[in-house]
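Going by Swiss-Prot, these are the annotated features:
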type    : residues                                                         : note
REGION  : 1-16                                                             : region 'Required for protein stability'
BINDING : 8-11, 37-38, 43-45, 49-50, 163-164, T182, R283, 312-313, 315-317 : FAD binding site
BINDING : Q53, R283, G313                                                  : D-dopa binding site
BINDING : Y224, Y228, R283, G313                                           : D-serine binding site
BINDING : Y228, R283, G313                                                 : D-proline binding site
Amino acid sequence: MRVVVIGAGVIGLSTALCIHECYHSVLQPLDIKVYADRFTPLTTTDVAAGFWQPYLSDPSNPKEADWSQQTFDYLLSHIHSPNAEKLGLFLISGYNLFHEAIPDPSWKDTVLGFRKLTPRELDIFPDYSYGWFHTSLILEGKNYLQWLTERLTERGVKFFQRKVESFEEVAREGADVIVNCTGVWAGVLQPDPLLQPGRGQIIKVDAPWIKHFILTHEPESGIYNSPYIIPGTQTVTLGGIFQLGNWNELNNIQDHNTIWEGCCRLEPTLKNARIVDERTGFRPVRPKIRLEREQLRVGPSNTEVIHNYGHGGYGLTIHWGCALEAAKLFGRILEEKKLSKMPPSHL
């Protein structure tokens, strides 16, 4: 069975690993290749702070909440693993801040120790009148992609830097299954009017005294369009830009100033922080994730395509649940082709 995964961000690599983990023992040979024109450190995943938090509003597809929870539980089970540091995985506590009371999020029982802020805590943030405190996880994209790449390489997965122009091109080369994890660029391979870039820009600073995440929310300006501060292992990520439909990959000085002024107002000690890096990336925004099978007719035969893209700004938050779901779709393909029994249901 020849499988080609297109895309080498967190969605592509985790899906490749999940398929191999689930089926390599029951399907011989299982040949997996990863095609991408960008690998770490040049992917969208590399720009992300890696903070686990779904959107505040419930997803239109209820399965997405399950996939996010599966990802949190999977990561939490690795938090004391000797590999946690290599994954860029650690616990972090902090604040979500609002100007008025809002309902608790559906994921409040997934994270650890969720509670409302006390009046004394709110005194620390005079611009805000309501908030939550909880402990969540950070999975730093750059570390995690490197770790996934090493695990896949150990398993014999091959990587090829190439720009794929069409599914037909890959199918004609002999792929039995194509896994489409091309993120914001999925529309190049197949038109998708629902998919848009959600441009983000972030500043990374050296500020080791910042120990808590701080996310602010402005309902009128939409998700990710107000200041946020997220500490990592080496640097602190500052953000607050979300521009739907903007394909400009260059850093913008106006956006830089918006981020810097907003974050320094939130945490004045940042004014003394040294800027280490500044990056721009595109969140693959879609009303709901596209995670489904499609049959592609190429010449006399059919090639199976599994689509797994459109994860917006929460790819690291939901990636493992989506990888498991994609692996189940792969298993159904094998069943239909009478190539394998389904793996045990402990997934």
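Just so it is clear, glycine is given a Cβ too, placed from its N, Cα and C backbone atoms.
Since we're looking at a predicted model, the values are computed, not measured.
For the recorded site, A49 (FAD binding site), the DSSP three-state label reads coil. Using the Cβ center of Y228, R283, G313 for D-proline, the list of other same-chain residues with Cβ within 8 Å runs, in sequence order, A48, G198, G200, I223, Y224, G239, F242, G312, Y314. Excluding Q53, R283, G313, which define the D-dopa site, the same chain contributes A48, Y55, I223, Y224, G312, Y314, G315, T317 within 8 Å (Cβ to the Cβ centroid), listed in sequence order.
Each residue in the region 'Required for protein stability' (1-16) gets a DSSP state, and the totals come to 7 helix, 5 strand, 4 coil. For the pair G312 (FAD binding site) and Q53 (D-dopa binding site), the Cα-Cα distance reads 12 Å. Summarising the D-serine site geometry, the residues cited as binding it (Y224, Y228, R283, G313) extend over a maximum Cα to Cα distance of 16 Å. Within 10 Å of L316 (FAD binding site), counting C-alpha to C-alpha distances, fall none of the binding-site residues Y224, Y228, R283.
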